[in-house]
Amino acid sequence: MSYTLFTADIHLHPDDLHPINQAFYQFLEFEAPKADALYILGDLFEMWVGDDIGLEAYATVIALFKKLTTKGTPVYLLYGNRDFLMRHAFWEATGIQHLKEPVTISLYDQSLLLLHGDVLCTDDKAFQRMRKILRNPIIMRLFLRLPKKKRLQVGDSMRRSSQQHTQHKSETIMDVNTKAIEHLMVKHPRCDHLIHGHTHRPAHHPFVVQNKQKHRWVLGDWRPETQILKISSSGTLELIEPKLI
Ligand SMILES: [Mn+2]
């Protein structure tokens with residue numbers, strides 16, 4: 001039976017020998033080619049501060065993606081809160097197709113709604129304020145014009161402050177907001193399944209909106225055991241741990 005795979009939050013490290021990178025490379029080489037398609041719902045990279053830096057730093061995975069897409073497995077990706085500065089050279093080098101969130105897709109007769117998930121964390125006001133600034137097209141353009149060294153410095157300091165930020169916040173503040181989910185589902189009434197990552201709390205949450213049964217699937221990260229979503233052509237959805245050789 002054919003199937004499609006969904007993953008998120010791999011947070012690839014620039015060091016090829018990092019165990020997460022190794023696990024993901026194995027997955028791309030041996031598991032992903034068996035699927036009809038692969039969807040990556042954000043935060044594939046720990047940090048992406050420009051195609052000129054990233055394509056070099058992540059050369060191994062870029063080549064693996066190119067091989068996968070060239071051999072005929074479509075790969076789709078939407079931005080995460082860590083990696084939203086991939087531009088033309090990235091799509092070109094990998095053959096990955098860019099999706100803009102929130103995106104609805106139709107798969108094996110099911111209507112799915114996909115997003116990274118950070119926009120649903122509306123209780124974290126400081127995070128949302130920062131997000132708005134960072135995703136401003138003018139700010140992004142100015143940032144990408146900075147010299148390489150400067151971009152790496154800014155990226156590093158943002159990573160550090162994000163780590164501190166998450167250490168001191170309560171679990172509830174950093175989780176998704178129920179109202180935000182309801183609002184989103186009302187806006188997309190045909191979708192029965194919402195799939196996202198970001199919180200690193202893999203789970204299946206059935207819920208009801210306007211008397212209709214809905215499902216929220218949260219993807220896991222890759223630390224250490226991962227949870228990805230498999231949707232079979234028969235219509236079943238399940239969170240699975242990919243076999244890594
Ligand atoms: Mn994230």
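Numbering starts at 1 and runs along the chain as it is shown here.
Just so you know, glycine gets a Cβ as well, placed from its N, Cα and C.
TrEMBL lists ASP9, HIS11, ASP43, HIS200 with the feature Mn(2+) 1 binding site. Look at TrEMBL and you will find ASP43, ASN81, HIS116, HIS198 tagged as Mn(2+) 2 binding site. Positions annotated as substrate binding site by TrEMBL: ASN81, ARG82, ASP124, SER162, THR166, LYS169, HIS198. Residues or ranges marked as domain 'Calcineurin-like phosphoesterase' in TrEMBL: 5-202.
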Length of the line joining the Cα atoms of HIS116 (Mn(2+) 2 binding site) and THR166 (substrate binding site), in Å: 17
Cβ-based isolation winner (fewest other Cβ atoms within 10 Å) among the binding-site residues ASN81, SER162, THR166: THR166
8 Å Cβ shell about ASP9, HIS11, ASP43, HIS200 centroid, Mn(2+) 1 site members excluded: ALA8, ILE10, GLY42, GLY80, ARG82, GLY197, HIS198, ASP221, TRP222
Protein Cβ atoms within 10 Å of HIS11 (Mn(2+) 1 binding site), excluding its own: 21
Check: same-chain CB within 8 A of Mn(2+) 2 site center, minus ASP43, ASN81, HIS116, HIS198: ALA8, ASP9, LEU41, GLY42, TYR79, GLY80, ARG82, GLY117, ASP118, GLY197
Contacting binding-site residues for ligand 1, chosen from ASP43, ASP124, SER162, HIS198 when the Cβ sits under 6 angstroms of any of its atoms: ASP43, HIS198
Binding-site residues: HIS198, HIS200 - member with fewest neighbouring CB atoms within 10 Å: HIS200
Site extent for substrate, whole Å (max Cα pair distance, ASN81, ARG82, ASP124, SER162, THR166, LYS169, HIS198): 18
Residue with minimal Cβ packing [other Cβ atoms within 10 Å] among the binding-site residues ASP9, ASP43, ASP124: ASP124
Segment-level pLDDT (mean, integer) for the domain 'Calcineurin-like phosphoesterase' (5-202): 94
Sparsest-packed among the binding-site residues, when each Cβ's other Cβ atoms within 10 Å are tallied, from ARG82, LYS169: LYS169
Neighbour tally for HIS116 (Mn(2+) 2 binding site), based on other Cβ positions within 10 Å of its Cβ: 25
